Every structure is written in C-alpha cells, then in structure tokens.
Amino acid sequence: MAGGNERSMKALKEVWKRAENSLCADCGKPDPDWASSTLGVFICLSCSGIHRNIPSISKVKSLKMDYWDDAQVQFLAKHGNAVTKAIYEAHIPIYYYQPTYNDCQVLREQWIRAKYERKEFTEPGKQLPYSDEVKEGILWKRGRDNGQFLPRKFLLSEREGCLKYFTKQDAKEPKINVKIDVINATFQPEKIGNPNGLQITYLKDNKTRNIFVYHESGKIKNRLTRNFLKEGYMEKTGPKQREAFKKRWFTLDHRRLMYFKDPLDAFAKGEVFVGSGENGYSVQKGLPSGTQGNFSWHYGITIVTPDREYLFTCETETDQLEWIRAFTSVINQAMTPQEYASKCLDAVSFPSCHSHLGYCPNVPPFLFTTVEAYFKFKS
C-alpha cells in the first residue's frame, strides 16, 4: 500500500479484516490480498488474473502494493464480499457447481465470467445462454480399450433430458443415450492430460462407466453436480482378508467408493457403499491386528460396515489422513431419503446381495443430484 496516506491505509485495513472478506469471493481461497475497485470484492492473486481479462467489468489492485484513494476505499467499505455476492450470486441454480481454488483455470474463469460479465445469477429464473433445447458438437473422446482420443459427435438434449454421442458424424443411432439425471461430470485436466479435460460418469448395467473427453478450443461451459471428494491410489485386499493387497485407483463420489485398475479405465472394478455413522459405518486408522496378506504400503485404513470390514493401505501418512478425513466427512452426514430409497443399505445388510466385488448387482442406480453438463460447442 505504498504511496497511500495514513487515513486511507487505516480505513482499507479495517475493511480488509472483516470476516466476510477473509476468503476470495470467487474461489474461497483464504487471505485474499487483491480487490476489485469496480465490483467491491476481495479476491486472490489467481482470480485477479482472470478479472484482468474482463477490464470493462473489473479493475483490480493489490491491497499491499497499490495506492487506494478515499473514494475507492469507501466503495470497498460499502460493498465487500457479502454485499456483492448477494447481488451477483442471488439466484444460482441448486445444481450449478461453484468451483474452488483447487479447480482448474478454465472452470474458475467460466464461473467468474458467468457472475460478473454475463450476470447469469442476478435474476430468478433467468434463461442461461447455454441452456438451449439442443446442443451438439465435437469432443475428443478416449477409446475404452486402446486409449486413443478420437473426435466424436455429442448431442445434449434438454427437452429429452439426455446426453448422446455418435461414433460417426452421419450416424443415425447414438452409441450411448444416457439420462442427464444419472450423470456426474467433473473437470479432470491432470488425469486426462488436457487443460479442458472432462470426466463423465454414469451407471451402465449397475456398473460405473467413465467417459473421458476434452474440447480442443477450451470453450467449455458447464453445470456440474460436484467434484469427487477424493481420488488416488491405495492398496486393497479381498473379502477374506488373506489375499495379497493390490494397488488400485480409488474415487470417492460422496457415498460411492469406486476402484479401478487404472485411473482412465472405462469401468470400475468394484464399488463400496459408505453409509452414515448412525447406520453402523465408521473409519479407523490402521489395520486390525493379525491382518494377513502381503502389502507394500504401511499406512492402513479400515472401513467398518454392518456386514464386514474393508482394508486399505496408503503410501504415505499424508495420504492416509486425507482419506480418513474424506471418509469421516461422509460418515458424519445423515443419510438422505433418496439414499435410503436407493436400497444401498440392503447391499450391506443381506449377504446374499453381495458380489465378490463389494457391491450389490441388484441395487438400482444411485440417485444423483440433477446434473446438466452443457458445453459451448463449435458450430
């Protein structure tokens, strides 16, 4: 704040230290040290870079290094994160995913532009610019068996409530036709190796199916359900707990713990339902004494269910603690009526429902929060 007079500096510090301004207004990162003098929000360095790309909307300045005159400080004091968010985030649809500082640049930029540039959430029931009845275009899709990305035509129909893709441009019948309300979509730039990578997950024949795609131009606009709570490698053993531990890629999508041989596998090898503590579920640090089976990693985790215990090992203590925190956050939440209705508890209450993979093949698809992943395709 070099060059500022003492009065402005003191006033700016007072506004800055308000509780409402302790997190970035756009991504939630703690201790923001930048602000928009035209919007009145406190933001982090990364989001300030995005704001610079829309100079007609937002003028950003450093709270530590730039000079703030009295009028600018008064504007910040009058607004701040709480007031501005009440305007620009007044009517966010319940299914709209709000990115955090852990999300990729593309996702955060679209979120910021949606709020301030397009003002999509300022009025109730406002028609979003990308929620037309039908959108179609080309996405590069990863082959299920060969891992090669090839261009495929995707079609999203709001009227039919489904997502389709076609193996050929002139094909009349789609390769898949999936209802939107059983889809989860998450940005996965690191996993896919492309800054615009997207993982689309749905259930097919009661097994999790993954589709990995990217859009080459980066012009992706989306409405997502949620990010996965945690992903990464762990070792697991079988139901007898005497088998050798095998390294698998795990994905925790709320109450569904899925595991794959490879992070980009099209289908999950198996799934484990993680219920609530009041229904007899818990997570424990370490493995039961006398655990048999060879394992390379020594930081154990035990998930206790009403029917059995699931044993895992992590490579590092940090991984172990992160997984335990993720499991604990799920177990501490009460079950929703939808989760009870999905009969997930039946899969762990009745041994006859169990398969060797750890999930019940008779359980109907899990009920996702409504998702509609809309993309701005090339014409």
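Note that Cβ sites are derived from N, Cα and C of the backbone, with glycine treated the same way.
If you look up TrEMBL, you'll see 6-129 marked as domain 'Arf-GAP'. The feature domain 'PH' is assigned by TrEMBL to 227-332.
For the domain 'Arf-GAP' (6-129), residue counts in helix, strand and coil come to 53 helix, 10 strand, 61 coil, using DSSP. The domain 'PH' (227-332): residue composition by secondary structure is 18 helix, 41 strand, 47 coil, according to DSSP.
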